[in-house]
Every structure is written in C-alpha cells, then in structure tokens.
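Data block below; observations after.
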Amino acid sequence: MFNTLILGFVVSLVVGLALGPIVIKKLKEFHARQEEREEGPESHKYKAGTPTMGGILILVALTVSCLVFNGADISKLLALFLTLGNGCIGFLDDSVKALKKRNLGLTAKQKLAAQAAVSVIFCFILKGVLDFPTTLWIPLTAVTVDLGPFYYILVFFMIVGATNAVNLTDGLDGLAAGSCAITSVAYVVIAVALGYGNIAVFGAALAGACLKLSLLQSTSCEAVYGRYGISCFGRRPGGYGCFDEDGNTAHSGRRPLCHGSTFRYFTGYFL
C-alpha cells in the first residue's frame, strides 16, 4: 500500500512536470490569459496576461495516476466525476473571461446552478444507481446515525460548500494548491487508517498534482490555475468522505462527518 501511494504521488507529479511547459505554451497560443480586477491590490497586477486554465494539469495528472494504480474502481471514478464536472464549470468561467477580456466570467448564480446540478447528479448516482446507505459515523466514537434522505442533503451542501470555500481560499500564488496538497495528505492518512486504499491513492495523486502547481508559482508565476483549477480542488474535499475500499460504506458504517470542513472553517474564520 505504501509503495502504491508513493508511486501515485510521484506519477502525478511527474506527469504534471512533463506536461507543464507544453500546456503553458498552448495556453499562450490560445490567448487564455488572466485578467486582474482593476480594484485589486497592486501586488496582483503582475499576473495580468499570465496564462490561465493551468488547472488542466491537475485533471490530466490526477486521471493518469488514478487509472494507472488500482484500476478504475467505482470510488475513484465517482471522485473523478466530481473533479471533472466541476472542472468543466471552471473551464467555462475561464473561457468567458478570456473571450471577453475581463475578470468576471460566469455570474454567481450561474456557477451555483451548475455546481448544484453536478452535486444532484452525484447524489442521484449514490442513491438511484448504487443504492448507497445513509449511515454516518461520528469521528472518534462508536456512534453511527442513519440520516435517511437528509444524508444526501448533507452531501449536497458539503460538496457545494467545499467548492466555494476553496474558491475563497484562492488569492496568493500557490495558496489554494498548497492548502489542497496539505489536506490531501491528511486525507491519505485518514483513508489508510480506515482501510480505504483506493481513496488514499486518489488523495496521493491529487497531492502530487497540487504540488506541481505550487512549484509553478513558487518563483515566477508561469501560469495560474484559474477557476478551472480551483473548481477541481473544491470538489475533492466534499467527495472524499463518501467511499470506502469498495466504493460502498454500507457494511462498515464509517462515514466521516467533517470531510471537507477544513476550508469552510478557515473561510468563516477570516471572513
């Protein structure tokens, strides 16, 4: 298991490093450039014109690493669905910005509606297709609670909430990517402790992809991840807590209550 986690992390990082120069070159050719707000701080103005949509690297590196190790099990496929679905929303947002040469892409209502649609589809798959249980495990206790239909409402708000909380976390170079890399490692530790091997591999792969983007912005800002990248980050915390080794927690009843709450806590604290 340990070797698989390390390889998942390394493969994701190497794929990102290998594709980085190619993707950045193509983004420049397509004039996918960052537009900064006029009312923004002067320290951010240097990023104007920097290639955006760097989050493409996250999805490619993450997908390759996840599919190479442990195959395409249902838990990783659903986690990738969340990442891809929200990544598409971010892609549309960045595309509008690039085409209209402005900082504002999709409106808040449009983004919330799209995020809600992806979350509803995810919940429908859990209930209607896979018939997931609605058991919730209270961390650090032996208590389990059956939430019934309220479980899917909780999943919905956790996913949408995590997405927008990570969005608010973004601001300084590498802040969102670095934060997501750290929390991904934490989720890996938790997943391994609970025996959720495939989700641990997903977390390790995402940590590698996030580290690549952090390296991109550590010295000179070669590319920004844009809403595409932020959206990919955001789906991950909300979706982690829904799966076990077989993509089903029906028999274990161990389902964390606080998955994805880290970003919401810090967002609320600083706001």
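Cβ atoms here come from the backbone N, Cα and C positions, even for glycine.
Bear in mind that TrEMBL entries carry predicted annotations, made automatically and left uncurated.
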(message) Between the candidate ranges 6-24, 196-214, where does TrEMBL place the transmembrane segment annotation?
(response) 6-24
(message) Helix, strand or coil by DSSP: which one applies to Asn167 (Mg(2+) binding site)?
(response) helix
(request) Using all protein chains in view, find how many other C-beta atoms are within 10 Å of the C-beta of Asn167 (Mg(2+) binding site). (result) 19
